[in-house]
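Q: Feature table excerpt (Swiss-Prot):
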- Ser69, Gly82, Asp85, Tyr88, Arg137, Phe142, Gly143: dUMP binding site (BINDING)
Amino acid sequence: MTESLSNSLKVQLRSADAKVPTKGSTTAAGYDIYASQPGVIPARGQGIAKTDISFTVPVGTYGRIAPRSGLAVKHGIQTGAGVVDRDYTGEVGIVLFNHSDKDFQINKGDRVAQLILEKIVEDAEIVVVESLEETQRGAGGFGSTGKN
């Protein structure tokens, strides 16, 4: 496989309503993903935004479906179930949670999430140990490193 193909994000448009993911700026971390059909995410509920796209991420990465900050701040919309493995080739649906008290209308062509390509360690060796090396933090979790 050539270097250029292994670093490619291959996108399949599954209908005439599907759109290729785009970046909002040249240095944006994520690619905006678009809804291919209208829909409603009910108040305090959840639903799936249809995209009519499939994609294969570059070698050594996985796709993380992340929220769009504007939807989160203005409408209380968050994403869920956001891991797309390299070997998944089906349609990518976007799980959306509506944390607001108003139904959220999705229109065809709306940007509903962003795709972030993250590097992964493939085939990490799992080693069972009796104990872990002590660290300054130790077992402290959830807010243990400070107040703010």
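Using the three backbone atoms N, Cα and C, a Cβ is placed for every residue, glycine included.
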Q: In DSSP terms, helix, strand or coil for Phe142 (dUMP binding site)?
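A: The three-state answer is coil.
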Q: I need the least crowded one of these binding-site residues (Tyr88, Phe142), counting other C-beta atoms within 10 angstroms of each C-beta.
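A: Taking Tyr88, Phe142 as the binding-site residues, the minimal 10 Å Cβ count falls on Phe142.
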Q: Enter the number of other CB atoms within 10 angstroms of the CB of Gly82 (dUMP binding site).
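A: Other Cβ atoms found within 10 Å: 17.
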Q: Return the count of C-beta atoms lying within 10 angstroms of the C-beta of Arg137 (dUMP binding site), excluding that atom itself.
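A: Result for Arg137 (dUMP binding site): 9 neighbouring Cβ atoms inside 10 Å.
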Q: Enter the number of other CB atoms within 10 angstroms of the CB of Ser69 (dUMP binding site).
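A: So the number of other Cβ atoms within 10 Å of Ser69 (dUMP binding site) is 9.
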